[in-house]
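Report on one structure; see the data block that follows.
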Amino acid sequence: MKVGIRMLHKSITWLTYIVVIGAIFISATDYGLFSDSEFYKWHIYFGVIFIAYLSYRIIVSTEFNVITILMFSISLIYLLSFITAASPEGNFTEFFRYITYAALFALLLDLQTSNKSIKLSLPYLFILFGIYLMIVPFLSLSGNLEFRDAVLGNRFSGFFQYPNVYGAVGMSFFLFSTSLILKRTSWINIVIYSLPLVLFASSLFLSQSRAAFLLFPMIWMLGLFLIKLHDQFKYILVSLTSFGFAGLLYIKMSPIPRNEIMTGFWDQLIVYSLISLIIVITLVTLINKFIHIKSDKKIYNFIIPTGITALGAAFLIDILFKGKIYSSLPENLQSSFSRISRLEKQDLTSDRRFDFYSDALKMFSDSPLIGWGGDSWPTLYYVYQSFPYIGNDVHSYLFEQLLNVGGIGILVLLATLVFIFIKLLKNVNNKAVFGSLMGAVMLIAHASVDFDLSFGTAWFILILLFVLGLNNSGVSSNKFIITNTKKKLLITIPILAVVAFSTLYSTRFLLAEKAINDVRGQDLNVEKTMEVYEKAHNYNPYDIDTMIQLAAIYVEQDKEEKVYEIANSIYETEPKNPRAVMQVGNAYASYGEIENALKYYNKSLKLDEYNIDVYSRAIRLTSSEAVNWMQLGVLKKAQDMAEKTVQYYNQHQEMKNSIEPKSNLRDTKLSKSSLFLTAQAFAINEQDEDVIQVTNRFKGKEDIDLRAKALKYLSLGRLNKTKQQEELYNGQENQKQFDQYIKAYKRAIYK
């Protein structure tokens, strides 16, 4: 009977393990799980598996390891952030993500703890996962796999479609594999861990990630300080061999063509990997056999790392100042190192990043305890930006979390990570633990200056590293085990309830996405389209984009009350989002509610003074209304409304003049249409010099240029500048059309 139960338990754990690992592999093809809409289905998948498995464990096991639920502490802080969430939908999606990460951590840690064969298999599957992720751009470049932007320009990016993350992930796998080679193990294991090293190392060159180039040597050096003298020889020689052949591969492949098929590199990749493998096996065997250094004096462990650090510093100085070493490198390597060593002013991801951080601190200061909830930066950065840059990501995991969950949340996050790292550091002599630690540090360090951990797949890698390290760090000791049934239920039942809640809501959000995606591109009538969007809104009442589309449909259907109802919902959902507030103004403008529309436009501009759309809409609304009053003969109201147009124009000019010339800025120029409408307002208020100043910008031959010149002509006449009038009139090619515009504007505006 007991044998049967044990067999059943093994079968259940292996089945769970297979479906979890399989999902990790497959989910990476959804562009590294960067998009929230792609993540919903995987949250549901992992949520259901977790609920089923934990329920099974509660029933059959008398023991419960509290370490398995450690990561839930991070996810639960997002519940607190709903109080101040700038984007409720964004906070929900981040909550879903961290529940998924916590569930995956719990599943893998418990599966390893309860089944030794699973524990033995996981390092091999982790290496296989690394090969799977790193090989994608090679397959895409050779035409064997179609995956959009796996090679971005001439930089490898893989499933992530982002070269920097590809490079950082490759270095994480490299550090893990190299660390396991240090272990005295069978030659088969050495083959498994050594064979992909050239592939992993090449990701650094082929991604051309500046941050990875700068951070990897420092983290590699940290690893050198953490291991004993005997292992340092292997660590250095294995790394030199791998990067030497990876550099040769890069030289052979350069220059990488843009949007073209390239096939000649496969031979080099295979040959270099095999030669590297033979050298690594030989080196490791010789060192294990002939070099035996045993010393209780830890000072000896620092001799080589100190020397390597000095050499590394000298190499860096040579590269920065283009010395003899730099000059001796092949041209393609020189260009790669040059890209790393310079901070290009036009490069948003380096120079502009510090502007992001400065503005992020201002945002944090307004909600320092519990933050602004998930997706706070893309929702609110317009409000805090010091100039109108484009940057939907803050480019730092630390700053992102600081904004999302505030000081309390960041303390919980850091406490969780510190606990894990302390456990790993205490057992760093275990090579699996050492490799996990190095891989995790690489990912987190790079994420501190980029958005690696915005990718679900990057988080999965980090969780796998934590699990691989912790299961060799004594997490199964009795002090973490609960045997009391009441205590066990007191902990697990709330966790199950939270995961069930998040899985249910994620299902609703997925159904909302599906409802809209199913009709996208179809030629449906307005009634049917309205039904679909109402259904989607019922599933996910926090999606601003759906509400905006629904408002537009209601306007088309002339459902005035519905328009106001959905407009109020938009404002109540995201009152601090300038884009959302502008849409409320648009809703009121659709029904001629001028004052209400302007109220929300002004609120939007108060939040984001650089939003050119608001200026354009406010100018169009007020100028058109001024002309209407003018045609009705109500001069006072026409001039009052025209004065509002002028105020928006002047506000825009002040804003535009305050911006320093920089690259990668949002467009803040008024369109020709807005300038024309402004000229109309100046004309109504008899500010003819201003009319001339604005219309002087119209130098083209489009119809709107001709209209603007008609206004200028009439203003010149009102100022008795007849000579300039004649010159303007005679310079027009289509004088008949010009005459018609002059008559029309004289009758409507220049009364």
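For all residues, glycine too, the Cβ spot is worked out from N, Cα and C.
Along the domain 'O-antigen ligase-related' (197-414), the predicted structure has mean pLDDT 84. The annotation domain 'O-antigen ligase-related' is assigned in TrEMBL to 197-414.
Per TrEMBL, the feature repeat 'TPR' maps to 578-611. Within its own chain, the repeat 'TPR' (578-611) is flanked in space by residues 382-383, 385, 387-388, 544, 548, 551, 555, 560, 563-564, 566-568, 570-571, 617-618, 621-622, 625, 641, 644, 651, 655, 659, 666, 668, which lie at least six positions past its ends and keep a Cβ under 8 Å from the stretch.
Residues annotated as transmembrane segment in TrEMBL: 12-34 (among others).
Under the heading transmembrane segment, TrEMBL lists 40-59 (among others). Remote same-chain partners of the transmembrane segment (40-59), defined as residues 6 or more beyond its termini with a Cβ less than 8 Å from a stretch Cβ, comprise 12, 16, 19-20, 23, 27, 30, 33, 96-97, 99-100, 103-104, 106-107, 110, 456, 488-489, 492, 495-496, 499-500, 502-503, 506-507, 509-510, 513.
Marked as transmembrane segment by TrEMBL: 66-83 (among others).
Sequence annotations record features per position, and here TrEMBL assigns transmembrane segment to 95-112 (among others).
Annotation comment: TrEMBL describes 124-145 (among others) as transmembrane segment.
Outside the transmembrane segment (187-205), and at least 6 residues removed from its termini, the chain residues within Cβ reach (under 8 Å) are 124, 127, 130-131, 134-135, 156, 166-167, 169-171, 173-174, 177-178, 180-181, 212-213, 216, 238, 241-243, 245-247, 249-250, 269, 272-273, 276-277, 280-281, 284-285, 336. Per TrEMBL, the feature transmembrane segment maps to 187-205 (among others).
Residues or ranges marked as transmembrane segment by TrEMBL: 211-228 (among others). Through the fold, the transmembrane segment (211-228) approaches residues 164, 167-168, 170-171, 175, 179, 182, 204, 235-236, 239, 293, 301-302, 304-305, 308-309, 312, 336, 340, 428-429, 434, 437-438, 441-442, 445-446, 449-450 of its own chain, all at least 6 residues removed from its boundaries and within a Cβ separation under 8 Å.
Here TrEMBL flags 235-253 (among others) as transmembrane segment.
What TrEMBL records for 265-287 (among others) is transmembrane segment.
Here TrEMBL flags 299-321 (among others) as transmembrane segment.
Counting residues 6+ beyond its ends, the transmembrane segment (402-425) has Cβ neighbours under 8 Å at 70-71, 73-74, 77-78, 80-81, 91, 94, 360, 363-364, 367-377, 380, 394, 433, 436-437, 440, 444, 466, 469-470, 473-475 in the same chain. Taken from TrEMBL, the feature transmembrane segment applies to 402-425 (among others).
Same-chain residues lying 6 or more positions outside the transmembrane segment (455-477) and placing a CB less than 8 Å from one of its CB atoms are 24, 27-28, 32-34, 39, 42, 65, 67, 71, 97, 100-101, 104-105, 108-109, 112-113, 119, 122-123, 126, 129, 133, 159-160, 162, 165, 169, 172, 176, 420, 423-424, 426-427, 430, 432-433, 435-437, 439-440, 443-444, 447. If you look up TrEMBL, you'll see 455-477 (among others) marked as transmembrane segment.
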Of 66-83, 235-253, 265-287, whichever stretch has the most CB pairs under 8 A to the transmembrane segment (124-145): 265-287
Which of 95-112, 235-253, 265-287 contacts the transmembrane segment (66-83) most, counting Cβ pairs under 8 Å: 95-112
For the transmembrane segment (265-287), sequence-distant contacts whose Cβ falls under 8 Å of one of its Cβ atoms, 6 or more beyond its ends: 138, 141-142, 181, 187, 190-191, 194-199, 202, 230, 233-234, 237-238, 241-242, 244-246, 248-249, 252-253
Tally of DSSP helical, extended and coil residues in the repeat 'TPR' (578-611): 27 helix, 0 strand, 7 coil
